[in-house]
Amino acid sequence: MGNTTSDRVSGERHGAKAARSEGAGGHAPGKEHKIMVGSTDDPSVFSLPDSKLPGDKEFVSWQQDLEDSVKPTQQARPTVIRWSEGGKEVFISGSFNNWSTKIPLIKSHNDFVAILDLPEGEHQYKFFVDGQWVHDPSEPVVTSQLGTINNLIHVKKSDFEVFDALKLDSMESSETSCRDLSSSPPGPYGQEMYAFRSEERFKSPPILPPHLLQVILNKDTNISCDPALLPEPNHVMLNHLYALSIKDSVMVLSATHRYKKKYVTTLLYKPI
């Protein structure tokens, strides 16, 4: 009997504790859930596999729209912008840089010029001349949404096809020339050694052409002329190396080259 009573009492105590724990367990998850959702400092909210904040879907959709709206940038084309209406300081700004900065123009004679790399398409722009925004009346204009008059330029790929073709042709010609220089000339080839004949060893050198006998360094300089200046040489005398007669144990070498309309004669003195 004593054991039965003690078991009943201990069972009632355990039943009360179990009921108390069940009651506490029924309300605790709700409170913990409210704290986790309302508090951004609780790190467990990010560890739950099924928990997503309400703005996650909106952020993902916004990011997807942003990625879809990004398009590959078009090729920039060098475009010449010119201002011919005078002024001291001229700048330009337009839709190509979101009107954020003013690009200075360089003065060339009576005009102001700038070369800008603009993508293909239409662009609005305006000049900032001596502190005032103005447009060029000689160029196409358009009225913006704010009612201001801006210049309009249309950059088209077809306008640069000639330059692209010339650039491509230049690259191909340079590659061809390099390939021709590196390759051997056409013709038969063999491994036979050339045998010199006895009469070839004692053959006299070729006769010097008569037009190469008139070396300008051997000519007497006129008294009225500047001794540092030489007479204009004949075109057949260019790009030749001349050795003058040895005098006072000094050998003189000379060569004449032409640069456009100027002639330069170089002298090399070597003691012997």
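Placed from the backbone N, Cα and C atoms, the Cβ positions cover glycine too.
Note that this is a predicted model, so its numbers are computed, not measured.
When you go through SER108, SER198, SER245 in Swiss-Prot, the residue listed as phosphoserine is SER108.
Within the list SER95, SER249, SER254, the entry that Swiss-Prot describes as phosphoserine is SER95. For the residues SER184, SER204, the entry in Swiss-Prot flags phosphoserine at a single position: SER184. Swiss-Prot gives the label phosphoserine to one of SER61, SER93, SER170, namely SER170. In terms of C-alpha distance, the listed modified residues SER95, SER108, THR148 place SER95 closest to SER158 (phosphoserine). SER108 (phosphoserine) sits 25 Å from SER95 (phosphoserine), taking the Cα positions as reference.
Taken residue by residue with DSSP, THR148 (phosphothreonine) is part of neither helix nor strand, so it is coil. DSSP gives SER95 (phosphoserine) a helix state.
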